[in-house]
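Annotated in TrEMBL:
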DOMAIN    8-117  domain 'Cadherin'
DOMAIN    122-218  domain 'Cadherin'
DOMAIN    219-327  domain 'Cadherin'
DOMAIN    328-451  domain 'Cadherin'
DOMAIN    452-560  domain 'Cadherin'
DOMAIN    557-683  domain 'Cadherin'
TRANSMEM  698-723  transmembrane segment
REGION    781-839  region 'Disordered'
COMPBIAS  800-812  compositional bias 'Polar residues'
COMPBIAS  814-831  compositional bias 'Basic and acidic residues'
Amino acid sequence: GRRIQLLKGLPATSTVEENSAAGVSVYDFNVTVSPLASGGVAILPTIVNSNPLTEAFGIESKGGLEYRVVTTGNPVLDYETMPKSFDLEIFVEDTNGRTDLNILTIRVADKNEHPVFRGNMAIQTVTIYILEQTPPERIYQVDAADPENGKLKYSLFPATVPFLIRESGAIFSTKEFNYEKDPHCYFLNVTVTDPDGLNSTKTVTIYIININDETPYFITKQRIYRIPEEQNLGSIVANITAKDPDDEDSPSRLFYSIQSSDRHFSINPATGVLQVAGRIDRDALPLRLHPNLSLIVRVEDSPSSGHASEMEITIIVDDINDNPPECNPSAFRKEANENTAPGTFLVDLQNYCKDIDVDPSNNQFSFTGLSGFGSNNFALESTVSGRVVMTGTIDLENPANPGVEVYTLTVRVQDIAPPNYSSKYPFYISFHNIIYIYIRIKPVNEFFPVFSNLSYIFSVSEITKVGSSIGRVHATDKDWPPNVITYSIVAGAGTRDYTNIFWISPTKGDVRILARLDYETTQKHIFTVQASDQENTTTASVTVNVLEVNDEEPVCSPNFFSLQIPVSLAAGTNINGFRLECQDRDSDPRSFRYFINEGNENSHFIFSPSAGSNTSRLILASRFDYESGLDTNWIYSLRVHITDDNLVSARDKTTHSVKTGTVTLSIRVIPNPTTVTTTTPGFTVVTKRENLFSPSAWYVPFVTALGALLLLGLLGYLGLLLLTRLRTRCPPAGTAPLINAPEKKKPKKEVVVTMTKLNTVFDGEARDPVTGRMYEFNTRSGARRWKKSNEPLQPMLAMQVTSSATDNSGQGTERPEAPSKKEPSEKRKELTAATKPAA
């Protein structure tokens, strides 16, 4: 607690330079202890406070009681950014408890510092990339500063580099670089110097970037290559190499391709290795005539839009002995009469054999090894000629003869030049290099062939398929060995339409049909067959009876027809007098059945009669009802089927062949047409109308009668007014002369016949199924006429003349007549009679 002077030399003031390193001595002082403090210093001198606060200073012992204040380096003193003076309070205590506290003032002295770099250059080495062929330009801006704010000076080393730095610190390139000629990398030492000569240096690395500006070139000098034919797929023909100046010493990244169209070779796009891609056959066209193959090889430094070079190479294909001799045919059949003289020539194999190798040294061959059962009777004249001749006499009737009719000989043909395919390729030995010669010894023909029957009779259904066998004839020959008998048809077997409708197997005698048989045309065919042993012949008669089968379909006329009918057509009417007339070549007219298979909506149409006749009429079975919505279809497409099974019992229908004919009808329903009548002289239609009662329209006569009564009442009232007016103007009744009244007769019922002169209205048209011409028809009367090519369809006539007939009671009204049910022929008669002048 007692404070005495223990710190010698304090208080004091000292100076230290900025940026001093750690451990730099700032001030030295001593500690004096009393004699009573035998223990020395209890608390070493310590900086207990500073103004301003800092940890930039510390106290170190020099030995004994001597101490010094040093810099700690944390932080480093900086005159420009830190306080210029620090007051350090130093405390010490001895073992007797005496303490001392004094102040050391330290002033920071300014020092000229090196310039400093800022930005990227302060923390790392700056790397700059420049594309070749880039014009001179500013490439980088150096950022540096002087702590003393002095003006800085910039410089580059070495000075020979194609770069310069300006006073502002901007670095510029001074040339346009060529990657292939100039260095690829530059190291620039950028030095910045303050006015006192202090400087700092940083390195800038500049890389020149290569661009694709050079064309690759081939370094392969060879242009002509020779390869043998039939190389394996993938075999290397050449290694085409190229170099790109852009790549310098590094492996070039080039792309190879073949520009010319060639299926024999391919090139590896990355390595340029030319390989065999398809079979190369020197013996086949076009290489047989032109063995040189030219290829255009292209190299590019980019798959697209790059620089490229092309080179033409020629590949010469050499022939090898890769084809064995081949003979066509490889088997020969020759004949020789028995007792043929020795030395007789049989066949010259040289004319049938060849080797397709192009090189003459590879296409020479020889014939050897004549062998086979009985080969002692034959021989080869020489190995080169290939001529086979007889060497012995063969007599078939000789008991010593082995009885062989055909001698089978083999001759071996093989290449003369190596490789010898007879030993290298056994496959060719078995199938291509062995010639088979079949020599048939012809015996003397002493007997004629004999048929097993003098005549043959076959019964065949008319629906038998073409190509079917209908029977077989057989003949034998007593010659030994038995002769081969050949069968043929020599007479008959034809019709008006076919030259031959029968065929016979030449070796088996099997008779087959070549054309369809028709019972309705021909019921029986008679023809002559012949058996021949190559020299002698004999004949036999063949009769083919054709069995009838129901194979004809009913054919009806017309098979297509278009009709138009009014919506008010009465049920039971023969529609427009339409009638089907059918025929069947193999069926009775009573065998037809008629039914509508498709399109008969609400069953409005039927055919009558529906079976048992070859003619049938189209009948409207029920009236149309569009008002209630029952009928909605105005056009009916009827598909009528006509079958020929009416006379077949139900039990036999499962096995009996039934044929069906088809007729298509198009019927258009005309909704209540309004007709306009045009008059043409010379044609008169007589219409007779009478009152009819229809239970379905009971209200019609009621309304008509009521209207008639009202009309009569009005007429009576008008007559009464007229009579009253006349009485006022005429003399009295007593002065009038007496007139004998006629005898009152019984009133008669009168039928009024209206004679109307009309022009026939042709309001429909259709195509005649036989002639194909168009004709017009009247849907009411059925009248028809051929349509002129330039005449349009006449409009519907709508004018009608009506008359009324009443009896004494005034009952009944007249209404339009229902459609006529006459047959078309009757209608035509009525119309023909109507054309005569009316009385």
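Note: Cβ is positioned from N, Cα and C throughout, glycine not excepted.
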Residue distribution over DSSP helix, strand and coil in the domain 'Cadherin' (219-327): 3 helix, 44 strand, 62 coil
Helix, strand and coil counts within the domain 'Cadherin' (328-451) (DSSP): 19 helix, 48 strand, 57 coil
Taken over the domain 'Cadherin' (122-218), the model's mean pLDDT: 89
The domain 'Cadherin' (452-560), counted residue by residue under DSSP: helix, strand, coil: 0 helix, 51 strand, 58 coil
